[in-house]
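Student: I have a structure here, written as structure tokens, and I will follow up with some questions on it.
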Amino acid sequence: MEFFPAIDLMDGHCVRLYQGLKDKRTNYSAAPADTARTFADEGASGIHVVDLDGAFSGAGKNLATIREITRAVAIPVEVGGGIRNMADIEALFDLGVARIIIGTAAIVNPTLVQQAVLAHGAEKVLVGIDAHKGNVAIKGWAEKTSVMAEELALSIKRLGITSIVYTDILRDGTMTGPNIAETKTMAEKTALNIIASGGISSLIDIKNIITLEPHGVTGFIAGKAIYDNAFTVRDVMALLKGA
């Protein structure tokens, strides 16, 4: 199972939001590349980066910072947030990004998903499904839709997607534990590779996620718990090696 520590970017800074709300922002670092380097030095499988400015505005705002991150580490960097067209995708790959994560566009422009998979392969193109009480949220989680998360997952699977990042918005940044039941259900009903995100607060939470590996959960993301010193990347990697 893979572990991706998270770096969420706003105005070039590393931040965390509570349940995706802009007005509940905590700043952690003005040097995200240094944060990425620390994660890599501690053995992370890869790094999960979200351009929050891009997610909210629909246009990438932190490309220079993303370039600094990819240059700072030798491990894969995956990036989501603000990806709306093929030009956005090509720009990120040109910066050295290993995988891109399409969010809002998977609903408003599903053709982009198919184009991206055809151009770069399913191993480099993921879809981020952010769920609020089962319904998909878009545009930086600011807009709730009537589309069910499972419905979207099955539709993008038909477009060639094999892996998704599944986030329970109400758990994200809350340190209340991941939604194990919903994550398991998503994996079983879609047969997609699931990277779980949202709510991880302890090594016990991670042990619970590891139990989902036979069901199709292949990785997980944690952010706030690391920044608040609940555990280190090194702690997580040691746990995974012993699992």
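Glycine too: its Cβ is placed from the backbone N, Cα and C atoms.
What TrEMBL says about a protein is an automatic prediction, not a curated fact.
What TrEMBL records for Asp8 is active site, proton acceptor. What TrEMBL records for Asp130 is active site, proton donor.
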Student: Around the C-beta of the residue listed as 'active site, proton donor', how many further C-beta atoms are within 10 angstroms, looking at every protein chain?
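Tutor: Cβ-Cβ neighbours of the residue listed as 'active site, proton donor' within 10 Å number 26.
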Student: Rounded to the nearest angstrom, how far is the Cα of the residue listed as 'active site, proton donor' from the Cα of the residue listed as 'active site, proton acceptor'?
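Tutor: It is 15 Å, counting Cα to Cα.
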Student: For the residue listed as 'active site, proton acceptor', list the number of other Cβ atoms lying within 10 Å of its Cβ atom.
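Tutor: I count 27 other Cβ atoms within 10 Å of it.
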